[in-house]
Amino acid sequence: MEKLTILLLVAAVLMSTQAQNQEQRQQAKINFLSKRKPSAERWRRDCTSWFGRCTVNSECCSNSCDQTYCELYAFPSFGA
């Protein structure tokens with residue numbers, strides 16, 4: 001009878017430890033995924049959208065600034 005009691009206690013401790021580890025892994029996964037941003041969201045926030053104020057090309061999402069506003073598209077220049 002004592003062996004059965006000890007065996008049940010050991011099993012209960014192992015199950016408790018396993019459940020706790022599972023909860024920690026799930027929480028770590030939730031934390032990791034909540035910190036990530038979709039690339040589209042990151043892209044929108046890191047640059048100025050079309051017709052926003054700018055001074056250099058790198059400020060615009062289109063990478064095209066006419067020294068005042070962001071252009072919709074970086075038009076190729078045809079040598080004049």
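Every residue gets a Cβ built from N, Cα and C, even glycine.
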When you check Swiss-Prot, which of CYS54, CYS61 turns out to share a disulphide bond with CYS65?
CYS54
Disulfide-linked residue for CYS70, taking Swiss-Prot as the record, within CYS47, CYS60:
CYS60
Do you know which of GLU41, GLU71 is annotated 4-carboxyglutamate by Swiss-Prot?
GLU71
Quick one: give me the count of other CB atoms within 10 A of the CB of GLU59 (4-carboxyglutamate).
15
What three-state secondary structure does DSSP assign to PRO76 (4-hydroxyproline)?
coil
Relative to the Cα of PRO76 (4-hydroxyproline), which of the recorded positions CYS47, GLU59, CYS60, CYS61, CYS65 has the closest Cα?
CYS65
